[in-house]
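Database features, via Swiss-Prot:
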BINDING   His85, Cys130, His133, Met138  Cu cation binding site
DOMAIN    49-145  domain 'Plastocyanin-like'
TRANSIT   1-48  transit peptide
Amino acid sequence: MASLMRKAAVAPAKATRTTVKASASLQRVAQAAGVAVAGFSLALSANAANVKLGADSGALVFEPATVTIKAGDSVTWTNNAGFPHNIVFDEDAVPAGVNADALSHDDYLNAPGESYTAKFDTAGEYGYFCEPHQGAGMVGKVIVQ
């Protein structure tokens, strides 16, 4: 009977050690998850906004027409239809000292899925348009805070 009591006394000690190990493992998993979430947040901020060239309905618009980002972030425009589109920044509608031509993508994005990305370092408002569809109202704005 004494040997049974010793075994019973030893068993809880093993369970306690297992609990400590499980707790340490859970702590490592939580830390790894925190690092993964932080990395994902940084990846999202590096490409802060996405704009469709042409609406799902087929309308000749930038969707959304206005995006707001932080200085240092980027905007990606993706052709959503088979129409040729481009992104032209108006030199009179960008902050002083910003080269509108350097931001613009004059070449046409012809196929669905083709994209262009620009990075914005200077705060202010940036007006742009699609050259072949400006008359149809295909204009947009990037607001950089």
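Placement of Cβ uses the backbone N, Cα and C atoms for every residue, glycine included.
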Predicted model, mean pLDDT over the domain 'Plastocyanin-like' (49-145): 97
DSSP-derived class (H/G/I helix, E/B strand, else coil) of His133 (Cu cation binding site): helix
Tally of DSSP helical, extended and coil residues in the domain 'Plastocyanin-like' (49-145): 13 helix, 44 strand, 40 coil
Greatest C-beta neighbour count within 10 angstroms, which of the binding-site residues His85, His133: His85
Other CB atoms, at most 10 A from the CB of Cys130 (Cu cation binding site): 26
8 Å Cβ shell about His85, Cys130, His133, Met138 centroid, Cu cation site members excluded: Leu53, Gly54, Leu60, Val61, Phe62, Phe83, Asn86, Phe129, Glu131, Pro132, Gln134, Ala136
